[in-house]
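Colleague: One structure, as structure tokens, below. Some questions next.
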Amino acid sequence: MFVDQVQVEVQAGKGGDGMVAFRREKFVPFGGPAGGDGGHGGSIILYVDEGLRTLMDFRYQRHFKASAGGNGQGKQMYGRAAEDRRIAVPAGTTVTDADTGEVLGDLTEPGQTLVVAKGGRGGRGNMHFVSPKNTAPEISENGEPGEHRFIKLELKVLADVGLVGFPSVGKSTLLSVVTQAKPKIAAYQFTTLVPNLGMVQLDDGTDFVMADLPGLIEGASQGVGLGIQFLRHVERTRVLLHLVEMDPDNGREPLDDYDQIRKELGAYDDNILKRPELVVATKMDLPGAAERFADFKAALLARGVAADHIFEISSLTHRGVTPLMHKTAEVLKTAPHFEPKQAAVKTADYKYQPEPALKVTRDSDGTFVLTGDKIERAFKMANLDHEDGAMRFARQLRSMGVDDALRDAGAESGDLVAIDDFTFEFVE
């Protein structure tokens, strides 16, 4: 099993601003406030798409933003609610808050959804702020900011196809040709120290996951080299592509190589030998390779290996690669699935401790700076374009304990106070 992980940024839409407006119609002398509410901002919603197998699409787009709600209008007209931004993920995706480590959810069933960033509510228009003392309020709210966060998507991927063979037979090269994976490639044993994973996408829309499994050597089933670790990966694949190199100068016989790998696979688990297998002769661009392949193919046919399961390719010239991939996709259609044994997972309890609602600090120039989720939200929703709105915001600050907090921090009348990009003077 391989873990595919990616971090993405999500920004939900801001709510639409409420409107300050008054009813002005002929024969209606005291129409009163008629400012409508803003529309709700769009949320970011993940949903399970059973057609997806990997998180590959997130390699190309890692920032997602939903639309803002429409602003309120006069005549008590509400702003348009924004559409939610829906993002497809494969089944088995675990979603975690990148900053806190909190698991937001596990998406396992087709159609299952998870809201990862909630859209802001629309600000209220002035029709909501009528009181006996203020029958014509010039007060409205800006839309609430949408949630913004970084999330980690983690998917445990089972490879559909496993590339097996001796070291340096061309597994990593083939993977790099048929996928966008960039494995480390060199001509020495155990170049691949961890399995490389790639998605093969054919021109007919078919796709499957391919794993380049590190080269096996004699004794792998007894743990020689990195054998046992990699044989565990092999047992989870549905189809094997068994690569055998035809290089006349490698000092080995192709049929002996083929038999040795089959022996190690069988020694580890007989059931692996029952998996569908395509035999792939590699490095066919080398001089003398054609003659070696003719003898190798004849020996395989004599053993009962189907002719349409034997391929010759050159990853250098791409010869034979496309037919091999199409045959692999065809075999996969009828290949059974193999569920991995679930290992116990050790988990640690984690509880996120939110920041204090209000924090007062002082800049080098003497300005007192107010921070905290609650106060910043109140500021962003305050419409300070009208005196009534500014007075309402001042009352909100006082009710949150801002005045007392500033005094405790040493603020005196006339000192400057900043919230975000807004600066005002503290008055006792």
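Any Cβ shown, glycine's included, is placed from N, Cα and C.
Okay, these came from Swiss-Prot:
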BINDING   165-172, 190-194, 212-215, 282-285, 314-316  GTP binding site
BINDING   SER172, THR192  Mg(2+) binding site
DOMAIN    1-158  domain 'Obg'
DOMAIN    159-333  domain 'OBG-type G'
DOMAIN    350-428  domain 'OCT'
Colleague: Provide the number of Cβ atoms within 10 Å of the Cβ of SER168 (GTP binding site), excluding the reference atom itself.
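Modeller: If we count other Cβ atoms within 10 Å of SER168 (GTP binding site), we arrive at 22.
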Colleague: For a three-state summary based on DSSP, what are the helix, strand and coil counts in the domain 'OCT' (350-428)?
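Modeller: Summed by class, the stretch gives 29 helix, 17 strand, 33 coil.
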Colleague: Note down the number of other Cβ atoms within 10 Å of the Cβ of SER314 (GTP binding site), including every protein chain shown.
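Modeller: Taking all protein chains shown, SER314 (GTP binding site) has 20 Cβ neighbours within 10 Å.
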Colleague: Including all protein chains displayed, how many Cβ atoms other than that of GLY165 (GTP binding site) lie within 10 Å of its Cβ?
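Modeller: Here the count is 24.
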Colleague: If H, G and I count as helix, E and B as strand, and all else as coil, what does DSSP give for SER314 (GTP binding site)?
Modeller: strand
Colleague: Report, as a single number, how many Cβ atoms besides its own are within 10 Å of the Cβ of LYS171 (GTP binding site).
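Modeller: So the number of other Cβ atoms within 10 Å of LYS171 (GTP binding site) is 30.
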Colleague: Which residues does LYS283 (GTP binding site) neighbour through Cβ under 8 Å, counting only same-chain ones at least six apart?
Modeller: VAL169, GLY170, GLU245, MET246, ASP247, ALA289, SER314, SER315, LEU316
Colleague: Between the Cα atoms of GLY165 (GTP binding site) and SER172 (Mg(2+) binding site), what distance do you get, rounded to the nearest Å?
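Modeller: SER172 (Mg(2+) binding site) has its Cα 11 Å from the Cα of GLY165 (GTP binding site).
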